[in-house]
Amino acid sequence: MNKMSPLYVLALCCLATTVFAKYDCTNNGGYGCKYGGTCHFYGFCICPKGFQGEDCGLKTELISTAANCTAECKNGGTCYESDRCYCPHGFIGDMCEIPDTVARCAPDRMIIEAYRPLGFVGEVYMFQNRKSCALKQVPSDIRDMMKLERVVLHSDKTECALTRTPDTPKLGDVTMKTTVVSTHNYNQFGPRDSIMDVSCVHTNSFQGSTKEITETAFPFRMVALDMNGEPVQALAANESIILQFEPVGIPDVRGVMVEYLEVYSINANSNEVVSKTIIENGCVLRTAQQHLEIPIRNYSEMXRQGTSWVARSAMRAFILLPGDHCYSSLDYASVPEVPR
């Protein structure tokens with residue numbers, strides 16, 4: 001049995017402000033009426049008896065009552081066949097939990113995602129430029145849907161750059177925002193197309209009270225060592241360093257290993273965040289070694305006292321942002337027995 005103790009230094013959340021257009025069966029590319037429904041001139045479906053929904057895709061007799069439904073349909077989804085959800089236009093996913101156009105946050109970038117029907121023949125792009133800021137098709141993780149995506153770095157200085165608003169919505173927060181255009185026909189914008197705002201919020205994780213934490217309250221001890229095993233406080237770039245972690249104050253735990261290690265720096269003036277994931281699922285990422293141009297090892301070995309196994313991440317000191325401190329986000333896995 002593994003006991004995980006995640007420690008997160010940087011808090012991220014994703015907020016999307018989206019204006020959804022109504023379903024319009026006159027649009028090209030997979031927006032018709034199903035099961036013999038008739039598309040009205042004004043864009044709504046006239047469904048045959050026994051069917052309902054914006055595209056007539058829901059058979060009335062299959063709709064489940066609240067007592068018979070085991071699915072938690074969100075965003076106005078309708079439960080049918082006890083455990084399935086029929087989603088309104090603008091939402092997808094098994095539980096209708098995913099907006100069809102949304103932004104996700106990463107420490108240094110925004111990922112804009114748009115899901116459209118497989119027959120979609122239109123375009124999705126950032127409003128600044130239809131061609132150079134377009135979302136491109138990528139492999140989809142939603143069945144029977146096409147996925148379009150664009151990754152924009154927070155530091156992007158091109159015409160596709162994001163709008164940055166500090167201290168929004170709260171003091172210390174930073175909101176990254178852009179406007180996305182979705183059309184149903186290539187190189188055309190009509191009254192049935194949509195324009196929507198999407199945004200990501202970096203929440204302020206630096207406010208709080210100072211509190212002394214004992215070894216009993218804090219389950220692991222971390223120390224930075226030089227190659228001779230002596231503690232260090234500061235290093236020059238490219239000097240060897242070992243980050244050592246050992247369990248303290250947890251009964252029956254005989255060892256620890258690093259499952260995930262991410263380092264990042266925050267520019268003191270612009271709040272720009274630069275991050276690099278070094279270890280994931282206990283393995284050193286080759287891309288991190290190549291990008292940082294340093295050797296990295298992640299391993300466990302017996303402590304000097306011979307009573308427990310300690311985790312060690314060995315590398316050379318490096319700089320992400322000149323003049324700014326490095327921070328870390330870590331996941332540890334504790335081992336209840338000494339490995340044999």
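Cβ atoms here come from the backbone N, Cα and C positions, even for glycine.
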Disulphide bridge to C69 as given by Swiss-Prot, partner from C56, C79: C79
Swiss-Prot annotation, disulfide partner among C33, C56 for C47: C56
Euclidean distance between Cα atoms of C47 (disulfide bond) and C39 (disulfide bond), Å: 9
10 Å Cα neighbourhood of C45 (disulfide bond): matching disulfide-bonded residues from C25, C56, C73, C87: C25, C56
Disulfide-bonded residues: C56, C69, C85, C87, C96 - member with fewest neighbouring CB atoms within 10 Å: C69
Residue, out of the disulfide-bonded residues C25, C45, whose Cβ gathers the largest set of other Cβ atoms within 10 Å: C45
For C47 (disulfide bond), the number of other Cβ atoms found within 10 Å of its own Cβ: 21
Intrachain C-beta neighbours of C79 (disulfide bond), sequence separation six or more, cut-off 8 angstroms: I63, S64, A66, C69, A71, C73, C85, Y86
Entries of C33, C87, C96 which, being disulfide-bonded residues, have CA atoms within 10 angstroms of C56 (disulfide bond): C33
